[in-house]
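Inspection log for the structure reproduced underneath, given as structure tokens.
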Amino acid sequence: MTDNEMATQREPNGVALTDQQPKTLELNFQEVNYTLQNVIKGPTQILKQASGTLKSGRLTAILGPSGAGKSTLLNVLAAFKINGVDGQFLINGKPRDIMAYRKMSSYIPQNYVMLNLLTVEETLRVSADLKLPRSTTTEEKQKIINEIMDILQLKCCRQTLVRNISGGEHKRLSIGIELITNPPIMFFDEPTSGLDSVASYQVICHLQSLAKLGRIVVCVVHQPSSRLMRLFDDVLIMAHGEVLYAGEQKDMLTTFSQFGYNCPQYYNPADFVLEVGSESSSTQRCEDLILQNKLRHSIIDKNSCKFHIDESAALLNMPPTTLTHSQELGNMHLLRLKERVGFFYQLKILLKRHLRSMSRDMMAVQLRILMHIIVALLLGVVYWQIGNDASKIVSNVSCLFFIILFVFAGNAMPSILLCIQDSAVFIREYYNGWYSLRAYYISKVLADLPLQLICPTLFISIGYLMTGQPPELFRFVMCWGILVMTSFIGHFIGVVAGTSLTMQLAIFIVPSVAIPFLLFSGFFIRLRELSWFLRPICDISFFRYIFEGLLRAIYGYNRGELACSEVFCFYHSSEQFLKDFDMLGDHYSWDITVLMGFVLVLLLAFYIALQVSIKRALR
Ligand SMILES: Nc1ncnc2c1ncn2[C@@H]1O[C@H](COP(=O)(O)OP(=O)(O)OP(=O)(O)O)[C@@H](O)[C@H]1O
């Protein structure tokens, strides 16, 4: 059977998980170098002339001392690292096409991030919805999910939230997510890290069964026990960025002994080769070992590699791509896989997922709503019925200012935390072609919308009534409009900071940047009293428009005389009060328009922040 025939038999979209994969897939890499460009230290060569062959149907372990370059080699083999890499990568003897290769392989990193508030089954379901073609029926998807849960023994925790599953189940779920598309090549970076020996054994057994179905399965492992070691068919031993041995495990010790490295009896072979690797590099015998390995894997005439034949594209029945190697290097973002389902379907699935996650998030929803209610009640008690009293006008202004501060901070800070949790998942899924940036962006904005409306609505409803603000519907609606804008601005500032900065930096930067703008709101100092060179800052301080809009909503629009409960009230007339605050004139619509402008700028900033985070992830 030819490769193409096998490719057509195999369903690349993963519809039948247990179908046989093509048995003859072979990835040969020769003289692979990886040089890291460091701005301070200059270029550092991490991989040196690494050569080896990976075969379908076989489970391969990459072993070596810490810092030997195992994870780097795995990244390079999985085509996740491209810049700074040179060497030959051949699939079934022909140069690989990088896009087709990425499509047929999956890489499972050590810390595989997932959304914590979905159950195991929901996580697999989202993966199936976004990674399988639209033509796949719900029943077919459920069949694949059930099969994966069966194979990986995840049935017992199918309804458990990801945050509650064990380390081993987490690893198995990450394998399951990648298995949805039934990739013929799978790379795992330390799949046993953090697991006890029993769980490690189970995970490697699962990998072995995936390999037995005809896949190339490669994983980096740290110090496997003898029992674990026996599960691997092939091994690749690394030291100082070089490959000492790549081949069948059964021949490993014989090869080492040919070069004078004799493994003592009853010694764990993995420990033995690690020790040899740690000592290696300069000794002649190790150089011979490295050279012999290189020769063993230089099976292809290099001249044949000058032609860019799309063998791997053919394996997937994909149209050959026209990217040349240099273009690939220049356009890393082109390596992103294309989405499998249409934009609106992506949007629907993402929206459902965001809303489901949010509805289970104590901090995002329940706690935020509860805090808005409690603080609104507290505000009402402290400023009980002062809104209509001319003698308490200064206190009322403080009350309004407090409302602004709370709604802003109460939305900005939680948004930072939530965004940071989502970002890592977004990067992984985006690069694996689950959805487009546009779909993620719109779904995120829309999913957050209900909370941005509910919180300020609850807060102003309680606060407005309890503090005795004028009982006129249009004033209430105007105040509500300003607070909704405040909530949006706070939320999007938090989201932009959370997407583009680390958590510590974002939590420090947001208040540090926002608080100085409060000085230019008109509350602490009247704008006309500011030095001339500071006045332009007022024009870009959103707090100014929020404060102005709120005061105009309460005291503007012919409010007239205020009731005075004391013998003398300085501000009897609301017009006089607004005049003294430099806010005379019924320009509420101007304030709200400027605030909408701020929201639009922040929406754009959020989109740019997502784009930047995507590009940064490639570095
Ligand atoms: N981005 C980087 N900047 C600087 N050095 C790096 C970078 N990535 C890798 N290295 C260096 O390359 C070498 C190989 O790293 P790699 O993570 O591949 O090793 P490893 O064998 O997987 O190690 P471990 O088993 O400890 O995880 C190390 O010396 C590491 O310090």
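Numbers here mean position along the shown chain, with the first residue as 1.
Quick reminder: no glycine exception, Cβ is built from N, Cα and C everywhere.
Note: TrEMBL annotation is automatic and uncurated.
These features come from TrEMBL:
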{"type": "DOMAIN", "residues": "27-265", "note": "domain 'ABC transporter'"}
{"type": "TRANSMEM", "residues": "365-387", "note": "transmembrane segment"}
{"type": "TRANSMEM", "residues": "393-420", "note": "transmembrane segment"}
{"type": "TRANSMEM", "residues": "441-467", "note": "transmembrane segment"}
{"type": "TRANSMEM", "residues": "473-493", "note": "transmembrane segment"}
{"type": "TRANSMEM", "residues": "505-525", "note": "transmembrane segment"}
{"type": "TRANSMEM", "residues": "588-610", "note": "transmembrane segment"}
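Across the domain 'ABC transporter' (27-265), mean pLDDT in this model comes to 90. Counting Cβ pairs under 8 Å that are 6 or more residues apart, the transmembrane segment (441-467) and the transmembrane segment (365-387) reach 3 or more and are in contact. Through the fold, the transmembrane segment (505-525) approaches residues 397, 401, 404-405, 408-409, 412-413, 416, 420, 493-494, 497-498, 534, 537-538, 541-544, 546-548, 581-583 of its own chain, all at least 6 residues removed from its boundaries and within a Cβ separation under 8 Å.
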